[in-house]
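Undergrad: Once you've had a glance at the structure underneath, I'll fire off some questions.
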Amino acid sequence: MSIRTIKDCDFSGKRALVRCDFNVPLREGNITDDTRIKAALPTIEYLKSQGARVVLMSHLGRPKGEKNLRYSLMPIARRLSELLGQNVKMLSDCIGDEVVTAVSCMQNGDVVLLENVRFYKEEEENSDAFAMQLSKSGDIFVNDAFGTAHRAHASTSGVASYLPAVGGFLMEREDEFLGKILKNPESPFVSIIGGSKVSSKIAVLESLLPKSNVMVIGGGMAYTFLKVEGYSIGKSLLENEYIDVASSFLKKAKELSVEVILPIDHVVASEFQEYSMPEYVDSVNIPDSKIGMDIGEKTLKKIEGVLSSAKTVIWNGPLGVFEFDSFAKGTAKVAEYVANCPGITVVGGGDSVAAVNKFNLSGKITHVSTGGGASLEYLEGKVLPGIKVLEV
């Protein structure tokens, strides 16, 4: 099902109430990464060019439903002013008479930013009354916050009960690429799923399995699958309660003729510490006293081989403990292989996106998703409230 987008509306002289995801990292009031702010610019610039009066809203952090200036959007207003080359007026609230009055004084092409919507507990409660108050600042609701699309909050889905709702360019792009992965991936389709726990990734594994030709399983969760296959995993992470789940998953993969690639060699350590000495194990089996920390050279060669001919690739989750430099090589190499793959490549989920950015490869990926939990839930096949309200 497709979504309505900003191209479907006439915005001239209209108030566009835009939900963005400006939940950016701050240090002492300074923005340390403005990626999410820059991601919203195409939608904002387009609305300005169409003569809209652009009213932006977002959350920042977890202020727990109370006004807390530590979580004010003021630094975002300053950065937006720099990026847009015009004054972005920061309002002191997100609802109320003063906000409605300030918005009514806007000229076409003006941009204002409402204060943090999570200063009200009613935001996360998806309060109908709060959604109605927010809607008073707009004529058309534009949701461009894919990162919060999995949340049924007042500013992400509730407002759509009171205003016509469309998706911004960022939302449209996320829906297009992640939707293609789920509905119509071109073969050969390779899924690379990493991360530490089977429990947090089993839903996405099961969702992608019937569509995949090859599935690479790495990261900490791979050791539970290796244990099921009868291999020694030493002191590596093991989820005993997911042994049966992993076993039935591997059986289903065989029935569907999906090739599952698990690590065939490892980089290990004696302790799970950043400065532990890395050791190479040229075997599927890990010695009893060692912990698996990363995939080895032979596993990487195998992954490189399947990616060289892939037409579609989805990557979610790191293949090793990439936050420790000594155990980051596997994830770095896979990022490189995905970037060099000739097919459509999609990277989704916070950690794998962080890895792609860390190794400066995002420019070579077809689509790098901006949503962490939202990407994961989309790939699990769940209905996202923030997208559902935009569906045609």
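Just so you know, glycine gets a Cβ as well, placed from its N, Cα and C.
Below are the features I grabbed from Swiss-Prot:
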BINDING   Asp21, Phe22, Asn23, Arg36, His59, Leu60, Gly61, Arg62, Arg118, Arg151  substrate binding site
BINDING   Lys201, Gly292, Glu323, Gly349, Gly350, Asp351, Ser352  ATP binding site
Undergrad: Can you check which residue among the binding-site residues Asp21, Glu323, Asp351 has the largest number of Cβ atoms within 10 Å of its own?
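TA: Ranked by Cβ atoms within 10 Å, first place goes to Asp21.
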Undergrad: Would you say which of the binding-site residues His59, Arg118, Lys201 has the most Cβ atoms within 10 Å of its own Cβ?
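TA: Counting Cβ neighbours within 10 Å, the top one is His59.
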Undergrad: Could you check which of the binding-site residues (Lys201, Gly292, Glu323) sits closest to Gly61 (substrate binding site), going Cα to Cα?
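TA: Going through Lys201, Gly292, Glu323 one by one, the closest to Gly61 (substrate binding site) is Glu323.
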Undergrad: List nothing but the one residue from Gly61, Gly292 whose Cβ has the fewest other Cβ atoms within 10 Å; the candidates are the binding-site residues.
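TA: Output over binding-site residues Gly61, Gly292: least Cβ neighbours within 10 Å is Gly61.
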Undergrad: Sort out for me which one of Asn23, Ser352 has the most neighbouring CB atoms within 10 A, since those are the binding-site residues we care about.
TA: Ser352
Undergrad: Translate the DSSP assignment of Gly292 (ATP binding site) into the three-state scheme.
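TA: Its secondary structure by DSSP: strand.
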Undergrad: How big is the substrate site in terms of the longest C-alpha to C-alpha distance among Asp21, Phe22, Asn23, Arg36, His59, Leu60, Gly61, Arg62, Arg118, Arg151, in angstrom?
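TA: The substrate-binding residues span at most 18 Å between Cα atoms.
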Undergrad: Using C-alpha atoms only, work out the spacing between Gly292 (ATP binding site) and His59 (substrate binding site) and round it to an integer in Å.
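TA: About 38 Å separate the Cα atoms of these two residues.
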Undergrad: Determine, to the nearest whole angstrom, how far the Cα atom of Asp351 (ATP binding site) is from the Cα atom of Asn23 (substrate binding site).
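TA: On Cα coordinates alone, these residues lie 16 Å apart.
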Undergrad: By CA-CA distance, flag whichever of Asp21, Asn23, His59, Arg118 among the binding-site residues is nearest to Glu323 (ATP binding site).
TA: Asn23
